[in-house]
């Protein structure tokens, strides 16, 4: 027993020596190694830092009120969508809080103020096609981006608090990182007594610094993303097509006549593709609009077609190729006498070098009798011609979104063969995660809610503005409590309904 107690004491001393703290679901490391660097930052250009954190204070206060408006609007949109019989299309842009909530917890202790960034898988997302939701459909390949962005966003957030505290003469005890379940984060340890002695305006500069730094990080990431073509111009060129970087094994584009890594896609049907955005836009248009047809001369139509039995599918569409051929497709067309004619034709021979059309009028040329033949396919299924020269065109039959989800592309084409085709994609993806997560942290923490930065921003704001109007401190605290209660309820409602919307899809 004595040996066991001695071993336990040695283990606890070892943890204390290295600043480690281990508890269920929580691993924490705190150090003073970076204190000198923090003090150097906090004492660098005092006038500039005063202006920097004063701007951050104004931003934090505006963000606090703006976050309430934003969450209120989001809640109304979500409730409207739930009450309508037909849900909105998935490509409607709507701000939505998904899964759970990240919280920046201000834990007041006897002699310090620990800022814990406790993530439990939260995003503020602009819902759009191809959007990944962490914890729901986030692929394993994206986890490195996700957790790295969480850690960097948390570190930048805490650096803001720490530097602002030193600027306002609050003692800085240490910096640390932690892992809560599987989510990384960061915190700074400040001397509570100093924090309580400074003015409410000084407190505001400290409390708003985290939100401000997350906003700046998001803007910086957006600028890198926006200027990436110029930054990589010496090594990569853009505007010539969408470069294939990956084709999943289960992709309908995978095969000898499909797409391969390194192929450059230039057209989808008659829709030109100059970059990834064009690829997504073209697929969206193809999905929303009816199937296009192809101009075929009457002589060619008579030569290629062969008699086949016509029958209707369960969805009401017509099939006329009963031999289950992988090369033939049923086409519909009309002439002056009959508007419902069908012919089973070899798809590649019909489509190659053919002009796309909507009606027979689009095919009148050089007085050669021609018809606009349209693939007769099941609902939501499309025949898509994908041009990726110098290879033969890929003919894809299926839902356009399946093609979008299983083919990864880049707008950047290497100028030299030894350059990686994945590097621009890595930078783009990481910047997008930083924008999403750092923006999420800024928006959520600005909400006047218990256990978030917004709680302390609100309390300091009320002390700075209402002390002359509401003399009794107890009454000011009551006003703050009621506002925090309403903000917490608003955030909780958004989280609950957001979680319900995600799991209900």
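Using N, Cα and C of the backbone, Cβ positions are placed for all residues, glycine too.
Note that the structure is predicted; figures quoted are calculated from it, not measured.
Transmembrane segment is the annotation TrEMBL gives to one range among 211-233, 234-256, 257-279, 280-302, and that range is 211-233. Within the listed segments 124-144, 145-165, 313-333, TrEMBL records transmembrane segment for the stretch 145-165.
Here the transmembrane segment (211-233) has long-range neighbours at 53, 55-57, 59-60, 63, 152-153, 156-157, 159-160, 411-412, 424, 427-428, 431-432, 434-435, 438-439, 441-442, 445-446, 453, 457, meaning same-chain residues at least 6 beyond its ends whose C-beta is under 8 angstroms from one of its own. Looking at the domain 'Peptidase M50' (145-485) alone, the prediction's average pLDDT is 91. Between the transmembrane segment (49-72) and the stretches 145-165, 433-458, 478-502, it is 433-458 that has the most C-beta pairs under 8 angstroms. Sequence-distant contacts of the transmembrane segment (145-165), counting only residues of its own chain at least 6 positions beyond either end whose CB sits under 8 Å from a CB of the stretch, comprise 38, 41-42, 49, 53, 56, 104, 115, 117, 119, 134, 138, 172, 175, 177, 182-188, 190, 195, 205-207, 209-214, 217, 429-430, 433-434, 436-438, 441, 445.
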